[in-house]
Structure formats: C-alpha cells, structure tokens
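Contents: one structure, followed by commentary.
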Amino acid sequence: MIIITGPTAVGKTDLSIAICCKLNAEIVSIDSRQLYRYMDIGTGKPTLSQRKIVRHHLIDIVDPDEYYSVYQFRLDAIRAIQDIVKRGKIPLFAGGTGLYIDSLVRGIFEGVSRDEELRKQLLQKETQCPGVLRSMLERIDPELADRIHKNDLKRTVRALEIWIKSKEKPSELRKKVKPVGRFTVIILHRDREELYDRINLRVNEMFQAGLLDEVKDLMKRGYSKNLNALRTIGYQESIAHLEGKLNFESTVELVKKNTRHFARRQVIWFRRYKDAIVIDLSSSSYRDAVNTISRIVLQDFQHDSFYDGGFSYD
C-alpha cells in the first residue's frame, strides 16, 4: 500500500485527489485533526466538492470532545482498507501525522485500556512528590525511560499504567507489535522558502474563509478551549484573539510562525523513513509528479498480495 505524506501545505490533498481520479482509488486520511467534526477551515480539510469527486475515509468521524487514540486510528484504518478493497478499489493513504503513519508501518501497542482512576492516583503521587513517576519508570523500564523525555508526564503516566495493569515492561510489549502491512512511503518535498510561502498563503486564505467564525461556532457549541482537539495551530491563536489577548494582525502572523515551526518538525520526523521515495515538487511539474506516483501505486497494486485476499488484519 502507498502512503503519501509531507509537511503541511506541501500539496498532499490536491495531488492525492488527482492520483485517485486516474486510478479509481479512495483516500484514507492520516490526519489527527481532520477527523474532528466542525473543524474544517483550520485543519485544511478537503472541501465537500473534493470529497464528492473522491471518497475520503476517516474525516469527520468524532466530535472535538471525544477521545481518539492512535490505536483507534489503526483499527479504523484497517476497516477502511477492508471496505475499499472489497469494493474493488485501491486505498491511498494521505496525510502528515507521523504517529499515525508509524502505527501503520511499524505497528503500535495499546494492550491495556485507559484507567482514569489509576491515572488520577499516579498524578496525585507526582503532585505530592515531583519526579517520583520518572524515578519509577527509570527503575522498572530503563529502556523506555531513555526514549521518553524527563518532562513528558503524559507518556510517563501511560507507561506506568501499562506496567501496572499488564505486569510487563512496556518496552518488551512494544517489541511484539506488528505493522498493518507492507507500505511504500512517498514524501512530498518543496524548497523551504517555497513551502513557507505556501504556508503563509494558506493561513491568509483560512482567515479569509472564516476561521474566526468557525472558532466562535465551536465555542457556542460548548467545547472547551482546553480540549486536545482545540490545542491545534490556528485555533489556539484565534481563541486568544477572541479573548482580546491578541490583535488580528498579530494573530495571523503567529499562526504563520507556528505553522512554519510545525512543518519543520514534520520534515525532521519524516527523515525516520529511510526507505521512503522523495518527490521534489519544486523541481518537477505537477503533472509529472501525478504520473510518477500513479505508476508507483499501480506497481504496488499489481504485486501486493493483500489485494487478492492475502492480507492479514490482525
């Protein structure tokens, strides 16, 4: 299967739709923000007209106040693959959320359910004795502790939760996970200045399209500004503006700045995929890129066994 990824504003959406039109394929979104309802403009969702041209999966599937894990994404992605293949079409993954991509190509462990009472107890211990949870993690699973930043309390609590409930080291459990299947990752690239210009243009277009009104609507619906869904670039800055903390010009510039920083982090993350195919959109034409990726998708379709029912959906 094929994953098309790249930093925000690089051109994933338009390119993926063009490829799907050529190949009678459908898109499975790999975006941790586009899955939320009522958050269209700020997340850069494909328009309704684009979604009529090509069917998209895993967009608008949960409300902003619903919990949605990487593991749930993996399960939903598998169901989407089954549905698309059953109807004789090709699934094309597109999006820029690195953890979601990892859950597909490397697998993810989510063997124990969330235990809110246990988490509350752990956080109380941390409040009473700052650093105690980090010390616990270093003692029970030093391998995992080396991979979790000392100030990352959220992941530390999750690791301890897994250990307490499973009686096994999280690092050992993670070694047992398997990828969903065989994936070819295609990374779209643009020269930095060109990418930043596209980001600045996109942010301007978002505000012109009514981002502030979209944020007002979310507030009217009763959604807290502290929700994970609303801790999204574009929304947090807009909320600050609506609260009188930023003027409009400063808000727009801050969204541009934060989006550029986010794109830089995405580029660094994608370097992890050593076997990925890089398509440079700054040096090749849009048409050539569509044709090149379409050929890759077709070759994958012809040689991957899962299209013939040989795919494992564990």
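The backbone N, Cα and C atoms fix where each Cβ goes, glycine too.
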31-34, 43-46, 167-170 - the range that Swiss-Prot marks as region 'Interaction with substrate tRNA': 31-34
DSSP helix/strand/coil residue counts for the region 'Interaction with substrate tRNA' (31-34): 0 helix, 0 strand, 4 coil
Residue, out of the binding-site residues THR8, THR13, whose Cβ gathers the largest set of other Cβ atoms within 10 Å: THR13
For GLY6 (ATP binding site), nearby residues of its own chain (Cβ under 8 Å, 6 or more apart in sequence): LYS12, GLY96, ILE187, LEU188, HIS189, GLN266, PHE270
CB-centroid shell, 8 A cutoff, ATP site GLY6, PRO7, THR8, ALA9, VAL10, GLY11, LYS12, THR13, site residues removed: GLY96, LEU188, ARG198
Cβ neighbour count within 10 Å of LYS12 (ATP binding site): 23
